[in-house]
Ligand code: ATP
């Protein structure tokens, strides 16, 4: 645990990326990997990779590279691959439906186990094997889920957030453009797809590569 807390946040964010690639190498039977190979595959410069990997206690040797098995066991331990985080999704519109159909389990340790919507016609069935419940029954049906994905319209975001927080949710992935307010004990990651897209277009125009 102490080892984990020493990893800088920026490094921790790249960990799932490394994990996915290293796991594929392992499945292919590869024993080692150079920082150059890694760099090309995950599109992170090799100096950053070397610095990141030094936090993992992985010391690459010149002409040898990194030991794939060691890295994999470190990543598994750190990412708690054996322990699945259960997630609730709120708002089964176009984006929410896409997430339910997307198999998060493929390379990840998270799983959407329940979804909620306010429209009666959307409630009762399943999408991608995930049951859809009515938002009125949120507290009753979400069980011990600690992470929620918000794909509702902006104006619904704060009200639902307050209910999630009261129920004990500790992490929210907010796909609505609304800035939501939570206590300092709750972590919110905000992904505004239209802002990201605008920002990409802006950079392409003003800072061409
Ligand atoms: P669609 O138009 O097909 O619903 P969308 O993603 O564009 O797709 P939004 O208006 O963004 O639709 O709403 C997303 C989903 O959130 C809808 O399914 C809607 O019924 C649901 N929703 C709206 N308000 C709430 C609420 N208060 N609680 C739970 N779900 C809600």
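Here the Cβ of each residue, glycine as well, is placed from N, Cα and C on the backbone.
Note that the coordinates shown come from a computational prediction; the quantities given were computed from them, not determined experimentally.
Mean pLDDT, taken over the DNA-binding region (17-56), works out to 90 on the 0 to 100 scale. As annotated by TrEMBL, DNA-binding region applies to 17-56.
Sequence annotations record features per position, and here TrEMBL assigns NAD(+) binding site to 91, 92, 93, 94, 95, 96. Under the DSSP three-state reduction, residue 95 (NAD(+) binding site) is assigned to helix.
Positions annotated as domain 'CoA-binding' by TrEMBL: 80-179.
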Open item on the list: Which residues of the chain, 6 or more past the ends of the DNA-binding region (17-56), have a CB below 8 A from one of its CBs?
Closed with: 6-8, 11, 64-69, 71-72, 74-76, 78-79, 81, 107
Open item on the list: Other than 91, 92, 93, 94, 95, 96 themselves, what residues in this chain have Cβ atoms within 8 Å of the centroid of the NAD(+) site's Cβ atoms?
Closed with: 97, 98, 99, 117, 151, 152
Task: Least Cβ-crowded entry, counting other Cβ within 10 Å, from the binding-site residues listed as 92, 95 - done: 95
